[in-house]
Amino acid sequence: MPVIEVRHPLVRHKVGLLREKDISTKKFRELTNEIARLLAYESTADFPLEAIEIDCWSGPAQIEQIAGRKVTVVPILRAGIGMLDGVLDMVPNAKVSVVGLSRNHETLQPEHYFERFVGHLDERTALIVDPMLATAGSMIATVDLLKRRGCNDIRALVLVAAPEGIKALNAAHPDVRCWTAAIDSHLDENGYIIPGLGDAGDKIFGTK
Ligand code: URA
């Protein structure tokens, strides 16, 4: 079950607001980060804990802490940047790796133009962030890059996923789990998700 649609009411409410045709850049950005926080929360629910003893106001106390889990958040440029702060709010010690992929609007294939990975990827959980899982070309290419560098715990966080993208990601990387705020109907002939959000990058950055 590599794709998990997060059905929490807060997520469903917020993703509904994102679909408003005339939404402002400010509102789109805020909601994107709010949903990213909730997806980060869900996608880290299996992180192992360890017990440690601390000095509490009332004396020694046993508390739990996340057991040495190193995380890298991997925004796919450009739109993934819109989810980065939300994930870092939840995982503040995470390091950030950046991948630049743009979609060729004719072939719909990803074109790779930038990468900057943090070290020790073989010891890290990677949380890839990209708002739209459409054809999944960029997501698959990013997973390929991470695996080539030894990363073996790779998770994807997206706002909206198309069934076509889910199928392609599962076929290419069945070990990669993807948390999404919504699974939509289909892709149109231009590769946009229907009903979707439109161009998420333009909406986050205010370009058009
Ligand atoms: N990228 C977007 O921004 N929107 C889509 O619907 C598909 C890809």
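Every residue number used here counts from 1 along the chain in the order it is shown.
Placed from the backbone N, Cα and C atoms, the Cβ positions cover glycine too.
All annotation found in TrEMBL is predicted automatically rather than curated by experts.
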- Note on the structure: Listed by TrEMBL with ARG78, ASP130, PRO131, MET132, LEU133, ALA134, THR135, ALA136, GLY137, SER138, ASP199 as binding 5-phospho-alpha-D-ribose 1-diphosphate, from among ARG103, ARG155, ARG177, is ARG103
- Message: Are there binding-site residues among ILE193, GLY198, ASP199, ALA200 that sit within 10 Å of ASP130 (5-phospho-alpha-D-ribose 1-diphosphate binding site), Cα to Cα? If so, list them; otherwise say none.
- Response: ALA200
- Task: Might you list, by sequence position, any residue in that chain lying six or more from ALA136 (5-phospho-alpha-D-ribose 1-diphosphate binding site) with a Cβ less than 8 Å away from its Cβ?
- Result: GLU164, GLY165, ILE166, ALA168, LEU169, ALA172
- For uracil, what surrounds ILE193, GLY198, ASP199, ALA200 with a Cβ no more than 8 Å from their Cβ centroid? PRO131, MET132, VAL160, TYR192, GLY196, LEU197, GLY201, ASP202, LYS203
